[in-house]
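S.K.: Okay, so TrEMBL annotates it like this:
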- 1-27: signal peptide (SIGNAL)
- 293-315: transmembrane segment (TRANSMEM)
- 359-386: transmembrane segment (TRANSMEM)
- 392-412: transmembrane segment (TRANSMEM)
- 432-454: transmembrane segment (TRANSMEM)
- 466-488: transmembrane segment (TRANSMEM)
- 516-542: transmembrane segment (TRANSMEM)
- 548-571: transmembrane segment (TRANSMEM)
- 583-608: transmembrane segment (TRANSMEM)
- 620-653: transmembrane segment (TRANSMEM)
Amino acid sequence: MMNLPSRRMPLIWVFLLILVSAQVSNAFYLPGSYMHTYSTREPIYAKVNSLTSIETELPFSYYSLPYCKPHGGIKKSAENLGELLMGDQIDNSPYRFRMNVNETVYLCTTAALSEHEVKLLKQRTRDLYQVNMILDNLPAMRFANQNGVKIQWTGFPVGYTPPDGGADYIINHLKFRVLVHEYEGSGMEIIGTGEEGLGVISTADKKNASGFEIVGFEVVPCSIKYDPEVMTKLHVYDNMTSVSCPAELEKYQIIREQERVSFTYEVEFVKSDVRWPSRWDAYLKMEGARVHWFSILNSLMVIFFLAGIVFVIFLRTVRRDLTRYEELDKEAQAQMNEELSGWKLVVGDVFREPNCSKLLCVMVGDGVQITGMAVVTIVFAALGFMSPASRGMLLTGMIILYLFLGVASGYVSVRLWRTIKGTSEGWRSISWSAACFFPGIAFIILTTLNFILWSSKSTGAIPISLYFELLFLWFCISVPLTLTGGYLGTRAAPIEYPVRTNQIPREIPARKYPSWLLVLGAGTLPFGTLFIELFFILSSIWLGRFYYVFGFLLVVLLLLVIVCAEVSVVLTYMHLCVEDWQWWWKAFFASGSVALYVFLYSINYLVFDLQSLSGPVSAFLYLGYSLLMAIAIMLSTGTIGFLMSFYFVHYLFSSVKID
């Protein structure tokens, strides 16, 4: 036992190496889209995404409000699977910029606002909806001073409501600041991986590559009351005299019936030293980064240290028991079995078939599938393959990985079923159940939430066509692959038990407290490794912040796997020591119970951090998505704990001399 710490040293070095790489990855990531250079006066058109709000979490189309429409009509940009599921709807817009041309431009004047349009504008303004504009794949960034602190936001508000709440004013003038970097072709090859496809600039294209690249996109929103009689005499893209944002409410454009709103914008091009590969750094800066670092590092070291101590003590205890048991002769072993209690007495029952064994096999198989998807996705994201410039790629990649990992789900489910039952009979049913268990739960939850989004006419609702696409992916890719994995599971050799199971089950001694209480309490230790990162993930999802510290997330994931495995093994050993041989489900939920604390923390986050979330519809959507996340975490962490406990029990009883 003295040389055990030296064997654990490589693990510590692995964690330190990952932490260092997490820091380095902040400076290096794949750009996510092909660099585009523009020549002077070349036209550049901005795009608009869905209107979003942290108050309602219901996205709506930009053109659901009476904004100016582009000359050639509204055209949707090609969207991947992840973008559609996230509710993104990217359309073209009439906002036209000309490279390095500073100008103030008239756009359009609306017809007299109707009662419906006024009601909609007021509602979107009071729900704090943001307009999300995109230029050269960069979202518009807005800076605001709040209590003396400079805060950055993406997008700008639909309107403004003063503190007294007497009237609402629309944002109808935008001051854009476009940061550009002059690029001269150097003959180097530049490769992009984003939505605009793969591109290479070779030496032959040196002249064509020279020009200006966009490295920043900032906006200052204003509300200005114009005289509609004067403005209607202008044409689209006519130049105007530069205007300043007024400070008096009387000069704001009020939202009321029969008002005609004129939209204008101003653009200023500013040269910047920021290079194109680093242009996303301004968006990925996280507030309180130092606190984030120290919190994660503190949690990492404390939990790893505690888990290491528990594991070392546990190994000493088991090894002492095994040594004492093996040194006895047969008569002494028989006498010891009669006089002593403990895990040695359940040798004839420890591998007895558990209750609901089919459900256990299915849940373990689905857990392997979800865990594999999470690990591969986070590793690729930590290496920089999931750039925020490639919208929806993270979710799309997760879905594709989940589909193809159906092979692993079917294999594990059927092989565990064969181990428990001793026969391959019924493997097709197991495979079908594994293919439909978690996807079926997700389908029911998402369909319920989708009906709510449909009734609200939100762009977050999944289109009918996408429903059929998802069903096609499910039944034509995932199910066949899961059945294939199940067939491979029938061909693999079953895991042989090291001991025989008695015909009559042993009576489990009565306990002073229910064992499930200990199982539920065990989830607090894995939750301790997770909750800090969980806060940043929830903030990213529900508060519209960028999350890109995947190096941290990878460390937390590895730590979570270790803690789940150790907690489950310790709980299994404790149950065996009190002659409780029904360890199967307890081993699963010892680590899987962390999902309960994740869901409770999600409710706590809703009450104390999402106080602005308004209405029962928004709260129901939040709880629905949180429930789906908790179920996925339960299956993943429960599977990790169960498989480690199964290996431990198998190893423990194969080490004991049995007559």
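Residue positions begin at 1 at the first shown residue.
The backbone N, Cα and C atoms fix where each Cβ goes, glycine too.
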S.K.: If we skip the immediate neighbours and take only residues 6+ beyond the ends of the transmembrane segment (392-412), which ones have a Cβ under 8 Å from one of its Cβ atoms?
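M.R.: Non-local partners: 32, 79-86, 88, 364-366, 368-370, 372-373, 376-377, 380-381, 386, 431, 434-435, 473, 477-479, 481-489, 492.
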S.K.: Any contact between the transmembrane segment (516-542) and the transmembrane segment (583-608), i.e. 3 or more CB pairs below 8 Å with pairs at least 6 residues apart?
M.R.: yes
S.K.: Ranking 359-386, 583-608, 620-653 by the number of C-beta pairs under 8 Å to the transmembrane segment (548-571), which range is first?
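M.R.: Checked against 359-386, 583-608, 620-653; highest Cβ contact count belongs to 620-653.
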S.K.: Looking only at residues six or more beyond either end of the transmembrane segment (620-653), which have a C-beta under 8 A from one in the stretch?
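M.R.: Tertiary neighbours of the transmembrane segment (620-653) are 57-58, 318, 322, 343, 347, 350-351, 360, 363-364, 366-368, 370-371, 374, 438, 441-442, 445-446, 448-449, 452-453, 495, 497-499, 526, 541-542, 560-561, 564-569, 571-573, 576, 583-584, 587-596, 598-599, 602-603, 606, 610, 613.
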